[in-house]
Every structure is written in structure tokens, then in C-alpha cells.
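Feature list (source: TrEMBL):
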| type | residues | note |
| --- | --- | --- |
| DOMAIN | 41-287 | domain 'G-protein coupled receptors family 1 profile' |
| TRANSMEM | 25-47 | transmembrane segment |
| TRANSMEM | 59-78 | transmembrane segment |
| TRANSMEM | 98-120 | transmembrane segment |
| TRANSMEM | 141-158 | transmembrane segment |
| TRANSMEM | 205-225 | transmembrane segment |
| TRANSMEM | 237-259 | transmembrane segment |
Amino acid sequence: MAWANSSQVTEFILLGLSDKRELQVLLFTIFLLAYAMVLLGNLLIIAAVRTDPKLSSPMYFLLCNLSFLDICCTSVTAPRMLVDLLCQRKAIVFEGCIAQLFFLHFVGSSEMFLLTVMAYDRYTAICKPLHYTAIMSRWTCWLLVSSCWAGGFLHSITQTLLTLQLPFCGPNTINSYFCDVPPVIRLACADIYTTEWLMASNSGLISLGCFLVLLTSYVPILLTVRGRVPRGGCKALSTCAAHLAVVTLFFVPCIFIYLRPFSTFPLDKYVCVSYTVFSPVLNPLIYTLRNSEVKESMWRLWRR
């Protein structure tokens with residue numbers, strides 16, 4: 001390939017989260033349990049939605065897609081991180097690093113777009129209930145989800161191509177537990193001023209824009225439920241607060257990492273843990289424990 005001739009680096013060395021053996025064993029146990037919870041919780045949601053005819057509304061269709069993206073997002077980084085926590089030398093080949101970077105941004109940005117679509121779905125269901133069926137038809141849902149995947153791919157391929165056009169001739173040490181755009185491009189043997197601005201305006205503005213749209217969508221929802229029965233209003237407020245907490249845990253670290261070119265902190269790799277591991281763990285808990293229909297369906301599925 002053309003870009004291979006301009007790069008002398010054949011592998012990158014990941015420093016991981018810690019070099020202390022005792023802490024590595026503890027982190028391995030924590031992240032293994034978290035990864036198992038992500039797989040189990042989201043697979044149960046997918047199975048429940050796919051097998052229960054009662055869960056056929058657009059909300060559950062979008063939730064099923066969110067669970068699939070959560071599994072993909074965590075699986076891009078978690079297995080490699082778990083292996084590296086048990087290894088002395090944490091090396092990843094150049095091609096593997098680029099592939100990890102591509103798929104992380106692909107599923108991560110697709111999930112951002114999907115969370116925004118889910119917020120629009122809830123806004124339509126609560127604020128325009130009489131028109132909900134017409135607005136969120138099956139064809140519209142498929143179109144919105146396809147647009148999320150297409151937008152994620154377009155974003156990811158842009159980030160990847162911007163990275164590949166840079167020459168890498170050393171050093172090759174990445175102060176993180178996975179390959180991501182900011183730490184990788186700072187190893188390039190070239191001026192990355194323009195590249196950093198392009199990437200910040202891409203990843204950073206997407207994260208910030210989706211987050212602001214999500215926050216804005218909750219304003220009319222809360223205003224709508226305010227005048228209803230107090231008990232129902234309190235329940236809606238509690239549910240919105242839980243959703244906002246998980247969404248904030250996902251978006252704010254992304255905004256912190258990607259919306260500030262030309263600077264990097266040792267804290268960055270710990271901030272990334274929130275949206276690569278812990279947010280996918282909380283999503284199935286928030287979207288199922290507060291939904292009686294999903295809980296009943298999962299219980300019936302478990303008994304079968």
C-alpha cells in the first residue's frame with residue numbers, strides 16, 4: 001500500500017493503565033467482570049426484544065441496536081486490554097492499531113448518533129403521542145438506524161485516512177491501553193497542526209453536537225410531564241435523570257478527549273475507561289431495570 005512506504009514503524013508499544021503487577025491483576029479482575037456484564041446484559045436485551053412480540057415498538061427496536069453497538073464498542077478494546085494486563089510486553093502491530101482505531105470510531109460514533117435518535121424517539125412519544133405511530137414508522141426506524149451506521153462509517157473512514165497519510169518513523173510508544181487518534185498521530189514524524197484541527201472539528205464537534213441535541217430534547221419532555229399526575233411526573237423525572245447520567249458518562253469524556261487539539265494529559269487514558277467499559281455496563285442496567293416490560297420479557301426468556 002502507498003502509505004506503508006512512508007512509515008518505518010511496524011508496531012506500537014502500549015503502556016497500559018499501570019505497570020504494577022498487583023494493580024494489573026486487580027484491574028484484570030474488574031474489567032473481566034465488567035466485560036462479562038456487558039456481554040450478558042446486552043445479549044439478554046437483544047434476545048428478549050427479538051423473541052417477544054410485545055417488544056415491537058420503535059423504542060425497543062432502537063434499544064436492540066444500542067445493545068449491539070455496546071457489545072461491539074467494548075469488544076474493540078476490552079479483549080486486547082485484558083490480554084495486555086497479563087503480558088509483560090504490550091505490543092500491537094501497525095495494521096492492528098489502525099484497525100482498532102477504525103472500528104472504535106465506527107461503532108462509537110454510530111452509538112452517538114443512535115443515542116440522539118433514541119432521544120428524538122422519546123420526545124415524539126411523550127410530546128406528540130397522537131402522531132407517534134405515523135412519525136416513527138418501521139420504515140423511518142430502519143432509515144434512522146441505517147443513517148447512524150452510515151454516519152459512523154463516514155466519520156471513522158475520515159479519521160483513519162487522516163491518520164494513514166502521516167509518516168511514522170519513531171518513537172512508537174503509546175501512553176494508553178488502546179490505539180486512538182490523539183495519541184497515535186502525536187507519534188508522527190510530520191507537522192500535525194492541520195490534522196489535529198481537522199480531527200478535533202470532526203470527532204469533537206460530533207460529540208458536542210450530539211450531546212447538546214440530547215440535552216435539548218429533554219427540556220420539552222420534562223415540561224410535558226410536569227403538568228401530569230405527580231407520581232407519573234416523578235417517575236418520568238427519575239427515568240430522565242438516570243438516562244442523562246449514563247449519556248453524560250459517555251459523551252463528556254469524549255468531548256474532553258477529542259475537542260482539544262495540541263494537548264494531552266496522562267489522565268486521558270483513565271478518562272477513556274468511562275466510555276469504553278463502564279458506560280456499556282450501565283446502559284443495559286438503566287434501560288432494563290427501569291422498564292417493567294423488558295424485565296418481564298427477560299424473566300420469561302430466562303425461565304424458558
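A Cβ is built for glycine as well, from the same backbone N, Cα and C atoms used for every other residue.
Annotations in TrEMBL come from automatic prediction, not curation.
With a threshold of 8 Å between CB atoms, the same-chain residues lying at least 6 positions outside the transmembrane segment (205-225) that come near it are 109, 112-113, 115-116, 119-120, 122-123, 126-127, 155, 232-233, 236-237, 240, 244, 247-248, 251-252, 254-255, 258-259. Long-range Cβ contacts of the transmembrane segment (237-259) within its own chain (Cβ-Cβ under 8 Å, at least 6 residues beyond either end) map to 108, 111-112, 115, 180-182, 199-200, 203-205, 207-208, 210-211, 214-215, 218, 221-222, 225, 268, 271-272, 274-275, 278-279, 282-283, 286, 290. Contact between the transmembrane segment (141-158) and the transmembrane segment (59-78) is present: at least three CB pairs lie under 8 Å, with pairs separated by 6 or more positions in sequence. Outside the transmembrane segment (98-120) by six or more residues, the chain places 59, 62-63, 65-66, 69-70, 72-73, 76-77, 80, 92, 144-145, 147-149, 151-153, 155-157, 159-160, 163-164, 178-181, 184, 203, 206-207, 210, 213-214, 217-218, 247, 250-251, 254, 275-276 with a CB less than 8 A from a CB of the stretch. Residues of the same chain lying 6 or more positions beyond the ends of the transmembrane segment (25-47) and with a Cβ under 8 Å from any Cβ of it are 17-18, 63-64, 67-68, 70-71, 74, 78-79, 81-82, 85-86, 277-278, 280-281, 283-285, 287-288, 294, 298, 301-302.
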